[in-house]
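Everything on this sheet refers to the single structure shown next.
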Amino acid sequence: MSLLTNTSGGGKIIINKKTQDKNPLIIHIRMCGHEYSTEMTCDFEAGKECGVLFLTMKYHRINPEYIEARYGHLSPYKIKVLLFLFNLPDGDKNLHDVNSICQRRGWSLIVCYSFQEAAEYLENLTKAAQHNEQTIMKQYHDYKKKRQGIKNKQDKETEEDDPNKEMYRIAVNFLTSIRSVNTSDAISLINNFGSIRKISNATEEDLCGVSGLGRIKARNIMSDIPDNANASCPGTGSKDAGKVSSCAGCPNQSACATGKGPAPDADLIFVTDRLKDVKHKILILSGKGGVGKSTMTSNLALALSQDPKINVAILDVDICGPSQARMMGVEGESVHDSADGWSPIYVKDNLCVMSIAFLLSGRNDAVIWRGARKNALIKQFLKDVDWGEIDYLLIDTPPGTSDEHISIVQMLLQASTLDGALIVTTPQEVSLLDVRKEINFCSKTKVPVIGVIENMSYFVCPCCNKETELFPSTTGGAKSMCDELGLKLLAKLPQDPRMAATVDKGEDFFETHPDTQLCKAFLELGNQLKEIYYYVISVKYFLKNLFNFISIILFYNKHNQSVVMTHRVVITGLGAISPYGIGVEILWKGLQSMKSPFIFDNKLGIVCGKLSEKYNDQLKEVGKNYRHINRIGTFSLLAAGEALRDAGLENENHLETGVNIGVGFTDLEKVVEVGKMIEEKKERRVSPYFIPNILTNIPSSYVAMEYDLLGGCLSSSAACATGVTSIGDAFLNIKFGQTRRIVAGAIDSAINPLTKVGFQQLRALTRNKDPESASRPFDEKRDGFVLSEGGGLVVLERLEDALSRKAKIYAEILGYGIASDAYHLTSPREDGLGSQLSMQRCIDSSKINPLNINYVNAHATSTQIGDKIESASISNLFPSVMVSSYKGHLGHTLAGAGALETIGTALSIKNKKIIGTLNLEKLDFETNNRMINGCHNWDDNDKKKISLVNSFGFGGIYGTLCLSEYDNY
């Protein structure tokens with residue numbers, strides 16, 4: 001018998017009676033019913049297939065083994081969710097640990113920041129579980145018929161007999177005239193509420209409960225529909241507004257008929273435009289004057305601005321006492337008018353302020369304005385100030401709940417640009433009474449309360465730093481109030497007399513008194529605020545659209561064969577040019593030898609990985625049919641020929657065989673040579689084939705012409721990640737049926753004075769002049785890479801084609817991932833985000849458990865920073881995995897590196913050998929990876945051999961391939 005039972009709320013949540021009956025989140029479950037059960041192992045059930053464990057960060061820090069102990073409790077459930085409450089200010093490390101555990105266990109991690117938010121997640125998960133595949137497919141087919149104009153016989157009969165059809169049509173037309181409300185929303189509203197009048201009297205929360213409606217649409221509806229509107233209201237924007245019979249008796253009839261009905265403020269568009277580049281808009285409110293609201297605002301702004309990457313602004317609309325100008329040291333300034341509007345006054349490079357004080361002629365002038373003029377001024381501040389790109393805009397408002405508050409809130413909410421409010425109080429009950437009114441004001445105006453700040457919480461002696469209670473909290477202070485109202489107490493700020501002297505002088509408290517307790521409290525408050533808004537793309541937005549997401553997934557799963565046919569892709573041929581020589585066999589022997597192929601080039605003065613001159617005759621023979629072919633083109637012909645012969649395809653029909661050969665550098669020496677000819681007025685000596693020969697796609701063209709490959713001729717370019725991206729792009733083309741077979745990879749040859757000097761200026765090349773020890777990835781003595789030439793090509797084809805012709809299969813490509821870190825041209829991000837994203841996306845594409853990865857062939861080029869960051873990224877995703885880099889053997893063949901490493905990894909899988917990192921003797925960083933040196937048999941308890949190949953490039957480019965031994969599953 002199922003534990004789930006229907007409740008009046010229509011939802012289904014079962015809560016473990018023994019452990020969760022005291023959980024505070026239960027009181028916030030409103031949209032669904034809940035029951036208790038003693039028969040379940042998890043904390044919450046959201047449908048039959050979804051089990052949820054609930055954990056707070058505070059408890060995890062006390063008992064970090066708790067998650068592992070509960071691991072088996074989610075086993076009966078297909079969907080396993082950990083609902084994690086982030087309730088510590090310094091919990092980033094704990095969150096990272098929990099994320100790693102969930103990733104390893106295959107759980108879904110949902111992070112929330114309050115018990116109320118946790119309850120919302122449970123409600124949404126439960127609602128989603130109620131929709132099975134049949135109901136979703138029925139809705140889809142009904143929607144499809146509706147779009148095509150097809151009506152069932154029953155629908156037609158009902159339509160003909162329905163006397164309310166015209167009223168229904170009018171209601172839909174009216175609702176769709178409201179900004180952002182579509183026909184589907186209108187129908188859902190009418191079906192839920194039954195009439196326009198009921199919709200007009202609904203609260204914002206009621207409207208948000210309708211499927212597909214969010215807060216923005218709900219607020220638009222509330223502002224555009226008159227209160228107590230008639231059931232068949234034609235709409236305030238209709239030409240019939242107030243004039244038709246359905247308007248009779250409506251209290252708004254007169255206003256609508258005269259054209260004075262509620263209409264959107266014309267200035268809203270200007271407010272929205274001005275604030276579009278301001279990420280977070282925060283009101284600073286206090287129910288009472290004298291609690292230090294303005295001082296708190298200015299110093300919170302200074303605390304946030306301590307991070308030079310964050311831009312902060314203050315908008316001072318405190319008409320009762322606009323003091324921000326004085327506090328920020330810009331009291332003598334006036335409004336700067338420009339073609340773009342009013343310009344704020346900059347206090348420092350990343351902190352600016354705009355104050356009403358700038359409009360006054362003197363500091364003692366009073367603002368004696370009536371409501372209309374005050375509201376107009378506030379609107380002008382919102383629509384005329386040219387803020388530019390701002391991360392946090394702090395709006396200092398007057399105390400209490402005055403007309404100015406309402407004007408600001410309405411304008412910002414209607415422009416959909418207000419994040420919330422910070423409430424400032426002091427410990428005394430006389431202050432808390434007014435603060436409760438301010439909180440009630442926020443509730444009625446639908447302004448989210450971010451948190452409460454208790455100012456003057458205690459006194460800190462400037463001499464001895466002793467703490468003394470300044471204002472006794474007779475009722476428990478702000479903490480008691482926050483517990484009562486379910487709000488977050490963000491900070492308790494001490495009273496420091498030095499602060500008053502500092503703000504009077506317009507000085508920066510963080511410069512004059514950086515080590516005080518108050519300064520540290522403000523910095524901690526700033527960090528809390530940044531943490532609140534760190535996860536801008538919240539899981540909540542995903543859950544709000546979960547139904548649509550499930551619909552799409554179920555539809556595609558059910559109709560996958562008709563939507564897109566995918567193919568398994570295998571490697572059946574290999575061709576390589578490397579510093580060891582020409583051919584895959586020579587490459588494989590060289591890798592196993594654990595010996596370096598490098599030489600010291602006396603002309604260039606560096607150790608490099610050049611192809612030996614003994615192969616010159618072979619190169620000339622291959623390129624004899626192409627008079628103007630360059631070295632990269634010749635290498636490509638050699639590698640392609642070997643790969644096609646290895647695959648048994650040399651004499652096949654290649655109507656559906658494509659080619660994708662990536663190239664990093666063009667023939668730079670040829671460019672310099674032609675440049676000198678032009679400089680010496682010898683243009684006639686320039687070859688007509690100069691332009692074709694410096695194009696990076698020409699090697700692909702040579703191969704296509706040589707072997708009659710008619711399936712497409714491409715050339716990928718992704719710096720040193722080109723080898724992997726070329727093979728990855730080819731993999732996707734075959735997988736999704738664009739072509740049947742592709743010769744793919746990358747070649748590079750750039751050992752010349754130009755690249756040598758360029759890389760030396762980047763400090764990327766090793767200064768070690770010993771060929772045997774120069775390249776040493778991951779080793780503590782590494783100091784840069786060895787410049788090499790070469791590359792490789794592989795034949796990729798559909799598995800069914802390979803099996804039909806009984807081809808040798810080296811490996812199967814399971815997946816491919818790419819990423820960019822958007823950080824720097826030549827340096828990776830310190831947190832390794834790019835490489836982690838690339839590997840994670842590759843795993844997702846491969847549809848495998850990360851724990852099944854045995855080995856990672858690292859990009860590691862032997863640079864100090866890059867090797868360390870990549871190792872940390874691998875550790876985060878795949879603890880204890882085997883890791884090595886071939887660049888100790890091969891140096892850095894630039895664009896060709898990823899192709900050679902893919903070939904080497906495929907040979908490792910086929911021959912069950914692991915090639916370790918050459919010259920790796922001692923690490924200079926900690927890792928939980930198994931760093932391999934030497935050549936070893938790959939025996940892993942009969943576990944399927946699955947590997948990743950990483951390849952990264954300048955410009956923040958990251959690519960990863962997943963290779964597996966072939967099995968017929």
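Numbers here mean position along the shown chain, with the first residue as 1.
Just so you know, glycine gets a Cβ as well, placed from its N, Cα and C.
Keep in mind it's a predicted model, so treat the numbers as computed, not measured.
Residues or ranges marked as [4Fe-4S] cluster 1 binding site in TrEMBL: Cys233, Cys247, Cys250, Cys256. What TrEMBL lists as ATP binding site is Gly287, Lys288, Gly289, Gly290, Val291, Gly292, Lys293, Ser294. If you look up TrEMBL, you'll see Cys461, Cys464 marked as [4Fe-4S] cluster 2 binding site. Summarising the annotation, TrEMBL assigns domain 'Ketosynthase family 3 (KS3)' to 566-965. Look at TrEMBL and you will find 532-557, 569-588 tagged as transmembrane segment.
One way to see the shell of the ATP site is to take the Cβ centroid of Gly287, Lys288, Gly289, Gly290, Val291, Gly292, Lys293, Ser294; the remaining same-chain residues with a Cβ within 8 Å of it are Ser286, Pro399, Val424, Thr426, Ser431, Asn455. Cys464 ([4Fe-4S] cluster 2 binding site) sits 30 Å from Gly289 (ATP binding site), counting Cα to Cα.
Recorded residues Cys461 ([4Fe-4S] cluster 2 binding site) and Gly287 (ATP binding site) have their alpha carbons 28 Å apart, per Cα-Cα distance. For Val291 (ATP binding site), the same-chain residues 6+ apart in sequence whose C-beta sits under 8 angstroms from its C-beta are Pro399, Val424, Thr425, Thr426, Ser431, Asn455, Met456. In this structure, the binding-site residues Gly287, Gly289, Gly290, Gly292 were compared by how many other Cβ atoms lie within 10 Å of their Cβ, and the smallest count belongs to Gly290. For the binding-site residues Lys288, Lys293, the greatest number of Cβ atoms within 10 Å around a candidate Cβ is found at Lys293. Averaged across the domain 'Ketosynthase family 3 (KS3)' (566-965), pLDDT for the predicted model comes to 93. Take the CB of Cys461 ([4Fe-4S] cluster 2 binding site) and look out to 10 A: across all protein chains shown you find 11 other CB atoms.
In this view, Ser294 (ATP binding site) is surrounded by 25 other Cβ atoms within 10 Å of its Cβ, with every protein chain counted. DSSP classifies Ser294 (ATP binding site) as helix under the three-state reduction. Every protein chain considered, the tally of other Cβ atoms within 10 Å of the Cβ of Cys464 ([4Fe-4S] cluster 2 binding site) stands at 7.
Following the DSSP three-state reduction, the secondary structure of Cys461 ([4Fe-4S] cluster 2 binding site) is coil.
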